[in-house]
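Per TrEMBL, the feature active site, proton acceptor maps to H275. If you look up TrEMBL, you'll see Y24, Y129, R164, H275, R278 marked as glyoxylate binding site. Among the features that TrEMBL reports, substrate binding site is placed at Y24, Y129, R164, R278. If you look up TrEMBL, you'll see 77-79, S106, Q127, T155, K251, S273, 306-330 marked as FMN binding site. Sequence annotations record features per position, and here TrEMBL assigns domain 'FMN hydroxy acid dehydrogenase' to 1-380.
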Amino acid sequence: MIISASTDYRAAAQRKLPPFLFHYIDGGAYAEYTLRRNVEDLAEIALRQRVLKNMSELSLETRLFDETLSMPVALAPVGLTGMYARRGEVQAAQAAAAKGIPFTLSTVSVCPIEEVAPTLDRPMWFQLYVLKDRGFMKSVLERAKAAGVTTLVFTVDMPTPGARYRDAHSGMSGPNAAARRILQAVTHPAWAWDVGLFGRPHDLGNISTYRGHPTSLSDYIGWLSANFDPSISWKDLEWIREFWQGPMVIKGILDPNDAKDAVKFGADGIVVSNHGGRQLDGVLSSARALPDIADAVKGNLKILADSGIRNGLDVVRMLALGADAVMLGRAFVYALAAAGGAGVSNLLDLIEKEMRVAMILTGAKSISEISADLLVRELPPIQPEPGKKSDQAA
Ligand SMILES: Cc1cc2nc3c(=O)[nH]c(=O)nc-3n(C[C@H](O)[C@H](O)[C@H](O)COP(=O)(O)O)c2cc1C
């Protein structure tokens, strides 16, 4: 087991949440091979220890899309965050703002843009999916602009939702899902009280505001499947540019050629991501994909990376592999589910401390000094998972 604060928060989240929600967060696509590799590949990257270099002056500050960040970390867009803690998007966004880092609101958040943005003393980021309903896309971009959103994160690795079999087992979807969810809620009283009762309304806030009527959670899976658009291509992104003059970041890049296309398109940044192993199982971990992408496009746009980051060492590893900044997904969600906004604040403080230790002991005094020189060796060649071969053959 890989020990970190998010291991503890994960265990606490599992105790608190109804299983359908815990497994929705925790799970990935198919056999969850990529999900595991995201975490394990990062943990295998060895850092080069350096000593006696007078590390008394250390700066984690970084500039990204005309913003100053206290450290090169942002919270990733996570759908249904308001189901994991009471009005969870507001709590997580406030913890991020207090730490001096960006929060990214998902298209499929519980709290709408208009509920989250006014509670913050820094601009938030907004994530948009490519959807068949272009009217919704236009209107939500206008709302984001009106709410002072600075950066648009455009997620492109979900032309269709991935197959997540845990959801069918846990009651998120599948036979008798609604009845199973109710049963799970009543047997998890801390959650039922905090979120079930006082965290209402439970709907997709951004979409309900547009449609003028509630989009309930039972509509969620259906709405996603009906609205994702597999016909999307780079050309379709051009009209979005007309609506969005601010920084635009393309999330879900895993191949150097796609990264080059993002440069050609004029993106301000990319997120090297496999959606936390939730889309195509068997693709490369982000840690493996990142160095080739950085070789291809570093300096032409900002490179963010996510998938598998669980602690401050992982942040430093991603930066050493070529990222300018990272996004946290499950790491912050486990903390939020376990302990609300205070949990997210504590996690971010721990990540900062872990980064400081890593920087002091690798001799990097600032974020710009974190480079491939900090790495002892590349990742070893890809191995089949021990014991998995026979599982698959069975
Ligand atoms: C429960 C859950 C919901 C997510 N929802 C979204 C979403 O609405 N939009 C999006 O672009 N990415 C979404 N993601 C992916 C995250 O933004 C991020 O890429 C991923 O969590 C990174 O991997 P990690 O969780 O291993 O850090 C979601 C991830 C999780 C775990």
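A Cβ is built for glycine as well, from the same backbone N, Cα and C atoms used for every other residue.
Positions of TrEMBL features highlighted on the structure.
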residue : record                       : Cβ contacts under 8 Å, 6 or more apart
Y24     : glyoxylate binding site      : L80, R164, R166, D167, S170, M172
P77     : FMN binding site             : T104, L105, S106, T107, S109, W125, Q127, V153, T155, K251
Y129    : glyoxylate binding site      : T107, V108, T155, M158, N227, F228
H275    : active site, proton acceptor : T155, D157, M158, G162, G252, S307
R278    : glyoxylate binding site      : G27, G28, A29, L35, G162, R164
G308    : FMN binding site             : R37, N38, V39, D41, L42, G276, G277, S285, S286, A287, D314
M318    : FMN binding site             : L42, S286, A287, L290, A305, I309, V326
L328    : FMN binding site             : V73, A74, L75, A76, D306, I309, I351
Non-local Cβ contacts of L313 (FMN binding site) (under 8 Å, 6 or more apart, same chain)? L47, E354, M355, A358
Report, as a single number, how many Cβ atoms besides its own are within 10 Å of the Cβ of R164 (glyoxylate binding site). 22
I'd like to verify something. Among the binding-site residues R164, L313, M318, which ones have a C-beta closer than 6 angstroms to some atom of ligand 1? none
DSSP says T155 (FMN binding site), in three-state terms, is strand
Within its own chain, what residues at least 6 apart in sequence put their Cβ under 8 Å from the Cβ of A323 (FMN binding site), listed in sequence order? P72, V272, L290, A294, I303, L304, A305
Site extent for glyoxylate (largest Cα pair distance over Y24, Y129, R164, H275, R278, Å): 19
Can you give me the average pLDDT across the domain 'FMN hydroxy acid dehydrogenase' (1-380), rounded to a whole number? 95
